[in-house]
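First the structure, in the form of structure tokens, and then the observations on it.
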Amino acid sequence: MIKTTLLFFATALCEIIGCFLPWLWLKRNASIWLLLPAGISLALFVWLLTLHPAASGRVYAAYGGVYVCTALIWLRVVDGVKLTLYDWTGALIALCGMLIIVAGWGRT
């Protein structure tokens with residue numbers, strides 16, 4: 001379970017970076033060259049999703065919970081926004097959903 005969760009967090013980080021870099025280019029007039037590492041990051045994101053031992057839809061559903069948590073960490077660390085009680089509560093609920101889905105992988 002820990003290996004799967006860490007893999008999900010790595011996957012989420014690749015997706016967020018792959019989306020953040022084009023956002024910087026479009027919204028903040030950053031260099032167009034940011035699209036190159038963004039593409040690499042998104043390709044790595046897709047590859048990491050294939051490493052999970054479950055049906056794709058189940059992987060995507062469970063991954064969503066970890067993505068929420070990772071995005072909130074990004075919000076705090078990169079964007080510098082203080083998390084609210086609602087952020088923490090939502091992250092906890094999303095992470096519990098992910099754990100329930102992953103716990104059932106070997107039982108179907």
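The first residue you see is number 1, and the count goes up from there.
Placed from the backbone N, Cα and C atoms, the Cβ positions cover glycine too.
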With respect to the membrane, does Swiss-Prot record M1 and A55 on the same side?
yes
Within the same chain, where does the topological domain 'Periplasmic' (1-5) have neighbours whose Cβ lies under 8 angstroms from its own Cβ atoms, ignoring anything closer than 6 residues to its ends? I mean 6 or more beyond.
52, 66, 98-99, 102-103
